[in-house]
Amino acid sequence: MAMLSGKSNVSDVMFQRLARNNVKKNMRHYLIYFITLLFSVSMLYTFNSIGAQFSMLNMSDRGSYLAFSSGMMASVSVFISLILGFLVVYANKFLMRRRKKELGIYITLGMRQKDISRLLVKETVIIGGLSLIWGILLGIFLSQGLSLITIKFLQIEGAQYRFVISPLAVVECLVFYSLIFFFMNWRNKKMLAKHSLVELLYADKKNEEAPDEKLAGKFFMLTASVICMAASSVISVIDGFNMKYISVSVVVLFIGTFLFFRSVAGILLFLLHKKKKLYYKDLNMFSIHQVSSKINSTNKVLSVICLLLFLSFTTISVGLGISVSVSKGLSKMTSADAVIESYRENSGQEISVKDKLEQLGFPLEKLTSSTVEVDLYEQSDISISSFFLPGTPGKEKLLKDRYKNMDQPLYVMKISAFNDLRRQQGLEPINMDGQEFLINCDVSEISKAYEYFAEHGEAPIEINGHSLSLMKNGVYQMPYQNVNVLSDMGTLIVPDEAAEGLESFRSLLNCMYTENSEQMEEAFMDAWQELNDTGLRIATKRLIITEITSTSMTLSYIAVYLGIIFLICACAVLALQQTANAIDNTARYETLRRLGAKESSMRKTLRTQILVYFGVPLVLGLLYSVVGIRVMYTELGNVPADVIVQNVLFASVMFILVYGSYFFITYNNTKNILKLDRD
């Protein structure tokens, strides 16, 4: 039977009324689609409003770091929009599968294909418009919460919360929705044109087949899966956060997960069949076979979902920890409000940094309350490896890891200059006799090697002809420059006379402003920019903090962003799979009803099936996350235990809200499809 054509005999008013009635009638079926689009829009708004949220931090953006972070987030959002777009289209596909028979009936009643397309467009506008509005409102609410969390965790001086709405984020959500809207309508038209009337009317009769395998093979696969999972956990912690091992670990984990889902259903079916009393109780036999069949036929999908949940919980739990870890280390990265640096090719012919600034007319005295200039010297025959004793903890790892150049000469600084820096930073000066030296190092892994040398090293070190011993408790971690990454792998602090005759190759002028304010920073930098060809470098504390904070916040946001998106994807696919399964099982439940099964027993059966289907990937994913979170936080360091607990609780709340919402919507939706919602 050909689809009807000709002039439409349905008025626009009738279309509007029919569309509204269809949305009301199919609201339960639309819920998965609605909540997926709502969560997608809310996440897009929340994380694309990062530019507006940065305004709360009261940080200058002279280096355009905040603008770069906003652009970086926008780029990530394009990728995520593609994922969400396909997810929404995937949800729409299952929704159309549920309604194919209904659309076929419309055709038999004389409605044209074009009219059906118009009807679907109007329904999409109604449900999509509602999800868009509510999604943006939810996004505005969530973005405020994210701002408060960021301010609390980063503890940035001057940061103050205020309610903000990002017009740009709203526009981006509208663009996302528009693109999804047009693509879905194109797919719906294509679906209508592709299927004949008979295919539409009998679409609910098709089913899927599950592969059948021998029991011995399933036991072998289950054993292999457990071995792979255990091996993955071991591999991930072999060498700390080593990407090569982490990648291998994830691949092995996926193989183990796939083998687990490929085998576990058949084994459980075999074992439960042995328990006759349990197996034949109520509708357990039906439930067990349904769950087994579904897991067998969707083992690949469940494996991917399990890994998505693992990645989701791990990235959400660790995401905010990135910012906390970095913010805890900010004090070690800056020594003064501004540090002006000069590299000297010939120390005997070049004047000091301070004198050069005065010659250039820079108003240093007017803008600063104190300045300390230090010279760094180089002792060519003393390197990091000079302090590596046999038995130094982690020596092999340090040598093969990122610190491969252990023969790099160490810096040398006079104790008088070091004490001047300490006084400027409000610290007590260090008293040291002429036969001792100190080591300053801000790289924790290297510091441990120096501390081991301080405890076990006995032989003195020759420095510029002076035999010096490392002072007891003589390893310090005090900043003397402004840097965006901890890089002082060792500076020898020696008596002044021990540095005489060494060539000064680098000078640092540490400056403290007359007042700690944004206006003072602007005045200092404005005066600096008036200078030309100084041959000097400058790094201000506020600029470093802005760079590090914006980068760490962006990484945190991206981690949480991706984690929530992975969670939404996993939940949506699980919900849609169960919805499709309910459609396929309509006839089976009707048979149970005719055989006299109670409605309460069938509801319990359905609830058990959905609980198992949602629960097994979740439990496995959370177990994997325990190892992942441990590895990540061990690598980050500097994150207090209470903050880790807060982050894990935050991830747990997100999972309860999103996962729980999809679970209850799926249960109610499938219960309605199977007509089990009546007493």
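Positions of Cβ are set from backbone N, Cα and C atoms, glycine also.
Residues annotated as transmembrane segment in TrEMBL: 30-47 (among others). Within its own chain, the transmembrane segment (30-47) has Cβ neighbours under 8 Å at 23, 73, 76-77, 80-81, 84, 87-88, 91-92, 94-95, 127-128, 130-132, 134-136, 138-140, 142-143, 146, 166, 169-170, 172-173, 176-177, 180, 557, 560-561, 564-565, 568, 572, 575-576, 579, 658, 661-662, 665-666, 668-669, counting only residues six or more beyond its boundaries.
Look at TrEMBL and you will find 67-91 (among others) tagged as transmembrane segment. Panel annotation: around the transmembrane segment (67-91), residues 32-33, 36-37, 40, 43-44, 47-48, 50-51, 54, 61, 172, 176, 179-180, 183-184, 187, 550-551, 553-554, 557-558, 561-562, 565, 568-569, 572-573, 576 of the same chain, lying at least six beyond its termini, place a Cβ under 8 Å from a Cβ of the stretch.
Annotation source TrEMBL lists domain 'ABC3 transporter permease C-terminal' at 75-186 (among others). Per-residue pLDDT, averaged over the domain 'ABC3 transporter permease C-terminal' (75-186), rounds to 74.
The transmembrane segment annotation in TrEMBL covers 119-143 (among others).
Within its own chain, the transmembrane segment (163-184) is flanked in space by residues 37, 40-41, 44-45, 48-49, 51-53, 55-56, 74, 77, 81, 84-85, 88-89, 92, 124-125, 128, 132, 135-136, 139-140, 143-144, 147, which lie at least six positions past its ends and keep a Cβ under 8 Å from the stretch. The transmembrane segment annotation in TrEMBL covers 163-184 (among others).
If you look up TrEMBL, you'll see 219-238 (among others) marked as transmembrane segment. Only residues 6 or more beyond the boundaries of the transmembrane segment (219-238), in the same chain, are considered here, and those with a CB under 8 A from a CB of the stretch are 245-246, 248-250, 252-253, 255-260, 262-264, 267, 627-628, 630-631.
Here TrEMBL flags 250-272 (among others) as transmembrane segment. Within its own chain, the transmembrane segment (250-272) has Cβ neighbours under 8 Å at 213, 215, 217-222, 224-229, 231-232, 235, 278-279, 284, 288-289, 291-293, 295-296, 299-300, 302-303, 306-307, 310, 620, 624, counting only residues six or more beyond its boundaries.
With a threshold of 8 Å between CB atoms, the same-chain residues lying at least 6 positions outside the transmembrane segment (301-324) that come near it are 149-150, 153-154, 250, 253-254, 257-258, 260-261, 295, 549, 552-553, 555-560, 562-564, 566-567, 569-570, 573-574, 577, 616-618, 620-622, 624-625, 628-629, 632-633, 636, 638-640, 643-644, 647-648, 650-651, 654-655. Marked as transmembrane segment by TrEMBL: 301-324 (among others).
With a cut-off of 8 Å between Cβ atoms, the residues of this chain six or more beyond the transmembrane segment (555-576) that come close are 32, 36, 39-40, 43, 47, 50, 72-73, 76, 80, 83-84, 87, 90-91, 94, 146, 150, 301, 305, 308-309, 311-316, 318-323, 613-614, 617, 651, 654-655, 658-659, 661-662, 665-666, 669. The feature transmembrane segment is assigned by TrEMBL to 555-576 (among others).
Per TrEMBL, domain 'ABC3 transporter permease C-terminal' is recorded for 563-667 (among others).
According to TrEMBL, the feature transmembrane segment maps to 610-632 (among others).
Residues or ranges marked as transmembrane segment by TrEMBL: 644-665 (among others).
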Could you count the residues of the domain 'ABC3 transporter permease C-terminal' (563-667) that DSSP puts in helix, in strand and in coil?
96 helix, 0 strand, 9 coil
Taking a Cβ cut-off under 8 Å, which residues six or more beyond the ends of the transmembrane segment (610-632) line up next to it in the same chain?
232-233, 236-237, 240-241, 246, 253, 257, 260, 291, 294-295, 302, 305-310, 312-314, 317-318, 321, 570, 574, 577-578, 644, 648, 655, 659, 662-663, 666-667, 670
